[in-house]
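Sharing a structure here in structure tokens format.
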Amino acid sequence: MTSGEPKTSLKNACPSARRLLPKAEEEEEADYCAPGAFELERLFWKGSPQYTHVNEVWPKLYIGDEATALDRYGLQKAGFTHVLNAAHGRWNVDTGPEYYRDMAIEYHGVEADDLPTFDLSVFFYPAAAFIHAALGSDHNKILVHCVMGRSRSATLVLAYLMIHRNMTLVDAIQQVAKNRCVLPNRGFLKQLRELDKQLVQQRRQAQSSDDSEKASEKEL
């Protein structure tokens, strides 16, 4: 299932997260605040019931499960060039660069447990950088997977959309959930919420700085 870039909207979010959609594009996030865990889970519940082995959630970006990652022939036939394993390790999905050594596939492993107490946030930026680099070429196609393709892999894809596609957490959830049934655990949602706060604050500060520079230029 192919999906294009989403229209930024918070119409289905909680009132505290609803954007007022002002005229100036640079003011879009002025009234945004990160929803709580329950409100975020409701966004997932409103998403697509579709849950197959693998689904495209953003152009050339797919979330899948262990079966997809282990199917070397299927990956090659589908044209995947990159694999991000969010369940790397002996006791999870034990693949790695050697597993794909005779294939034109670049591998990145994240050794993570699907537990609310596990700190997945330390992998947000490295994983997002790997995904972003993979999508830098129109010829590339990346699979992000864990065991079920619902929690760890979805969390890293959401972080990527927030970091490199300038989406809020709500926007990112809506984009992914309309294409695949996913649901990160409560701990991961809390970590994504913290990332959301940081990114929104950074954008507000950058916008404030730009506004100050423009005001100074007008005075000259």
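Heads up, the Cβ atoms here are built off N, Cα and C, so glycines get one too.
For reference, Swiss-Prot lists these features for the protein:
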{"type": "DOMAIN", "residues": "53-201", "note": "domain 'Tyrosine-protein phosphatase'"}
{"type": "BINDING", "residues": "His145, Cys146, Val147, Met148, Gly149, Arg150, Ser151, Arg152", "note": "substrate binding site"}
{"type": "ACT_SITE", "residues": "Cys146", "note": "active site, phosphocysteine intermediate"}
{"type": "REGION", "residues": "200-220", "note": "region 'Disordered'"}
{"type": "COMPBIAS", "residues": "211-220", "note": "compositional bias 'Basic and acidic residues'"}
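Neighbours and distances for these, please.
DSSP classifies Gly149 (substrate binding site) as coil under the three-state reduction. Taking a C-beta cut-off of under 8 angstroms and a sequence separation of 6 or more, Gly149 (substrate binding site) has the following same-chain neighbours: His53, Val54, Ile63, Gly64, Asp65, Thr68, Arg180, Val182.
Counted within 10 Å of its Cβ, the other Cβ atoms near Cys146 (substrate binding site) come to 27, all protein chains included.
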Could you list the residues of the same chain, at least six apart in sequence, whose Cβ is under 8 A from the Cβ of His145 (substrate binding site)?
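Looking at Cβ-Cβ distances below 8 Å from His145 (substrate binding site), excluding near sequence neighbours, one finds Val54, Ile63, Gly64, Asp65, Glu66, Thr68, Ala69, Val83, Leu84, Asn85, Ala86, Ala87, Val93, Ser153.
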